[in-house]
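**Student:** To start, I am sharing the structure in question, which I have written as structure tokens.
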Amino acid sequence: MFSEFLQYLFTGITIGATYALVALGFTIIYNASHVINFAQGEFLMIGGMGTVAFMGLGIPMFFAIILAVLLACLVGIALQRLAIAPAKNADVVTLIIITIGASIFIRGIAQVVWGKDYHVVPPFSGDEPIRLGGAVLNSQSLWVLGIGAVLVIALILFFTRTLIGRAILGTSMNKLAAQLVGVKTQMVLMLAFGLSALLGSVAGVTVAPITFTAYDIGILLALKGFVAAAMGGLGSGLGAVVGGILLGVVEAMTAGYISSEYKDAVAFSMILLVLFFMPRGLFGGRTVERV
Amino acid sequence: MFDRFLEWRMNYVLVLAIIVFVIPLLMENPFYFDLATQILIIAATVVGLNLLVGYAGQISLGHAGFYGMGAYFSAVATSAYNWPPLLALIVAAAVVGLVAWVVGRPILKLKGHYLSMATLAVGFIIAIIINNESQLTGGPDGMVVPPFSLFGWELSTFGLYSLLGLEIPGHVAWYLVAGVLLLVAVIIAQNLIDSPLGRALRSIHGSEIAARTVGVDTARYKSMVFVISAVYASIMGSVFAHFTGFITPAIAGFDYSIVLITMVVLGGMASPMGVILGAVVLKLLPQFLAGFQEYETAIFGFILMATMIFMPKGFYPTAMNAIRNKLGKSSGGKA
């Protein structure tokens, strides 16, 4: 009974950590540019599929991962430069459709270059499971949680301790004021997209040994990340992490105790309920609308 | 005389009617009629969605949910319970309208990306229910829908009908019916836009707070237009179900919601002709791209992205501005 619960909890936290990283990616881009990047999931796909492809060329796994992450960062920066920057005055809906177009484009290219097959990425450290309180914990889950925690801490340090991090924060608070004190905001936006791609691709490759990877895994992961980010409150880093873990755990519990067919429905009902009562998510700040 | 036509607010409806009814004279292949009828049905759906997105400035990333709900309500009621199709269509529209009203009130308080999230969630929940209640809906495999009939008179793409002494095959008859439906949809939408409701919606689009300050009951108008656009989707969903005779849950899914809102934005928001053009382009594009085989998805995504970057206002307004500029220059700068 308890071991069952623990099992679902492990599963939920593992997948939730992935959602949290996707949500953080959304948050960074949202803070820097107020764009919701629906191509966020494609970074995870590039992380996983890129690693598979580079390993296929005979490159050792560690370097293959680094190359895949670099590739994702390049795609992220290109996305900002070539698609988002030229459309800076567009409506919210128009920007949504541009990023959706970008995600279809990236998926289409991946499908041509890497094919339509599902691939398995080998676990980072063997596939010996760990037994804990009657439940089985995948060793890869520890990698997901560990790398997730390291990334979150690194992000916190980056945004509070480094000049570049503070420049990004400053730009998100007031772009004009940031420009006035000498922040190159175009640079900051590129950096935000690159950083977001880095988070996404690392999440994509660490979770790939558990979930498999293919050219079309991005869209659903992006939506889940968006749910997590909105639940936590768009723009809030803490909200993204809490929202992600919460979403993962609720999904796993629903799949375990109620019905696996309706696990997504429960996730989407939950976000509706949260938004009904807290229209800015759990940790979203209050803003005053100007006329 | 010509000036008065140019000033008439419904002038484009006449143009549209001429286009819709001249096209069948140029086509013979039933395949083209099938495609054209689908375009007309989807165009009428986005004319409704445009009221919400283009005029009131509210986003819906879940409208296919309402479309699918209408389609499946009609399909289940007519096949499993033998309801007359017209009754099923009307009750479906009422039920969808009610659902839209119930979820719309709290949802439409949200703004920007939170509204996108909430509408996306509503659409997803509807699609998941349709997918999983397979004893009623056939699940992911889809279900067969009986043809549309009214007082014993059946409209089927395989039938043969006579109108004013002319022999009309079923696929042409369906095209004409869908054409009339699109025109009705446009006329109703234009009347709504010109009514006090339309004025209120535009004021909400301009600035919601300012609208509220001058006494516009923004919450009421927003849920009203949400319900209207959902009812449009439901009715056209029912029509589509009877037309194709076979539906799958894909028509209620997220991808389809994206297709719908893309049609609105691609063609040109807040312009009925624009969104109809958007529907035509987006429906025809895959036909042209089919020859590119594995590159189809990539090219489709690229075109979508590039169009929105270079024509953020959409095809129709961009083209109209270009034409107006040309005309303005040739008549000595008089615009």
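In case you wondered, yes, glycine gets a Cβ from its N, Cα and C as well.
Heads up, TrEMBL stuff is auto-annotated, nobody curated it.
According to TrEMBL, the protein carries these features:
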TRANSMEM  B:12-33  transmembrane segment
TRANSMEM  B:39-57  transmembrane segment
TRANSMEM  B:87-107  transmembrane segment
TRANSMEM  B:114-130  transmembrane segment
TRANSMEM  B:150-166  transmembrane segment
TRANSMEM  B:173-193  transmembrane segment
TRANSMEM  B:224-246  transmembrane segment
TRANSMEM  B:258-285  transmembrane segment
TRANSMEM  B:297-316  transmembrane segment
**Student:** Against which stretches of its own chain does the transmembrane segment (B:297-316) lie, if we need a Cβ under 8 Å and a gap of at least six residues from its ends?
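**Tutor:** Here the qualifying positions are 262, 265-269, 271, 273-274, 277-278, 281, 285-286, 289.
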**Student:** Which stretch from B:150-166, B:224-246, B:258-285 shares the most C-beta pairs under 8 Å with the transmembrane segment (B:87-107)?
**Tutor:** B:224-246
**Student:** Among B:12-33, B:224-246, B:258-285, point out the range having the most Cβ pairs under 8 angstroms from the transmembrane segment (B:39-57).
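**Tutor:** The listed stretch sharing the most Cβ pairs with the transmembrane segment (B:39-57) is B:258-285.
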**Student:** At a C-beta cut-off of under 8 Å, are there same-chain residues at least 6 beyond the transmembrane segment (B:12-33) that contact it? List them, or none.
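**Tutor:** Contacts of the transmembrane segment (B:12-33) (Cβ under 8 Å, skipping residues fewer than 6 from its ends): 40, 157, 169, 171-172, 174-176, 179, 182-183, 186-187, 190, 272-273, 276.
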**Student:** Please give the sequence-distant neighbours of the transmembrane segment (B:258-285): residues at least 6 beyond its ends with Cβ less than 8 Å from one of its Cβ atoms.
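**Tutor:** Hits for the transmembrane segment (B:258-285): 12, 15-16, 35, 38-39, 42-43, 45-47, 49-50, 53-55, 59-61, 63-64, 67, 182, 186, 189-190, 233, 300, 303-304, 307-308, 313-318.
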